[in-house]
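A short write-up of the structure that comes next.
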Protein chains: 2
Amino acid sequence: MVSMLERDMREKFRRSGYTLTSQRRAVLDALRDCKGHPSAEEVYLAVKKRNPRVALGTVYQALSVLEEIGLIEAKHWSETPVRYDLNTEPHHDIRCAKCGAVAEIPGVEFEDFASRLQENTPYEVTNASLVIEGVCPACRLES
Amino acid sequence: MVSMLERDMREKFRRSGYTLTSQRRAVLDALRDCKGHPSAEEVYLAVKKRNPRVALGTVYQALSVLEEIGLIEAKHWSETPVRYDLNTEPHHDIRCAKCGAVAEIPGVEFEDFASRLQENTPYEVTNASLVIEGVCPACRLES
DNA sequence: TTCGTTAATAATAACCATTCCTGAAAAAAG
DNA sequence: CTTTTTTCAGGAATGGTTATTATTAACGAA
């Protein structure tokens, strides 16, 4: 059985004109396995376990392509580095300002809000993402 | 007449324990004059016109302090560098992905949405900002 | 298939926004 | 005024990301 994700991936590559190389697939696989929100460096390390010859620059380029065709999403929290996330169900991520732990926030409908943005600007809204920061329960106990 | 902003500024400095130095004031003034959303470098250049001896590092440190005490807001768009904004009325900024022009989007109530976030996560939400990107009318005509 | 063309990769150097470090200066406290 | 603490200027260092270049792989046409 071919997964939903698998078909979506092939379709998006086909439409974009980019080729689905083994490196790009490896980056996608790494993001799928790694449940968290890895940085480019972390993705690089994960990919390297399978294929030691891959270069960090290739991972950056792959992440950029995957984001462009909408398979993944880049989260620009106030701290560097940028972290990446599979672009699956609509959800929001909150990041602990102390320990960096990332959790998802479900059940908050953002799409209505986003569409109302479009009604209030002459710009063509291409991307509206929510960057949420907070303190996780564990870190709250410590302080 | 002492402006609202002036009083707010003094109050926030008093409460924070930081000293209101001429450099920090100059950075705040630069942000007030510069209607756009300047980068640290741009703020540095503006400040330097008045006081050529100021260092770039000082501007970074001042921006960091001003953000910490809530006088300004840092906008982390997907493109570096970080851009800064006076923290006045609640509003959202949209940034053109092509030319970088920034415009405000009014009349979209975000606070209700943000407070609902808190109900859906065990994290203590400290900051929720909206990062919106799009294409401005001028750039849309060109393409 | 084979040739020619284009796209993608590996390796590494370069870039640049930001942070760190040091001694000097200024401000606050006593 | 003296001591203590904070802030600053100048510059070096850091680190995430991008650019460069030669090589390799994928694609298309004959």
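A Cβ is built for glycine as well, from the same backbone N, Cα and C atoms used for every other residue.
Now, the feature entries from TrEMBL:
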type: BINDING; residues: B:CYS96, B:CYS99, B:CYS136, B:CYS139; note: Zn(2+) binding site
type: BINDING; residues: B:GLU111; note: Fe cation binding site
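Where TrEMBL records a feature, it is marked here on the structure.
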residue: B:CYS96; record: Zn(2+) binding site; CB count, 10 Å: 20
residue: B:CYS99; record: Zn(2+) binding site; CB count, 10 Å: 12
residue: B:GLU111; record: Fe cation binding site; CB count, 10 Å: 9
residue: B:CYS136; record: Zn(2+) binding site; CB count, 10 Å: 21
residue: B:CYS139; record: Zn(2+) binding site; CB count, 10 Å: 17
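Filtering the binding-site residues B:CYS96, B:GLU111, B:CYS136, B:CYS139 for a Cβ under 8 angstroms from any Cβ of chain A leaves B:CYS96, B:CYS136, in order along the sequence.
Cα separation, B:CYS136 (Zn(2+) binding site) to B:GLU111 (Fe cation binding site), rounded: 25 Å.
Straight-line distance linking the Cα atoms of B:CYS99 (Zn(2+) binding site) and the residue listed as 'Fe cation binding site', rounded to a whole number, equals 29 Å. Here the CA atom of B:CYS139 (Zn(2+) binding site) lies 31 Å from the CA atom of B:GLU111 (Fe cation binding site). According to its DSSP assignment, B:CYS136 (Zn(2+) binding site) is coil.
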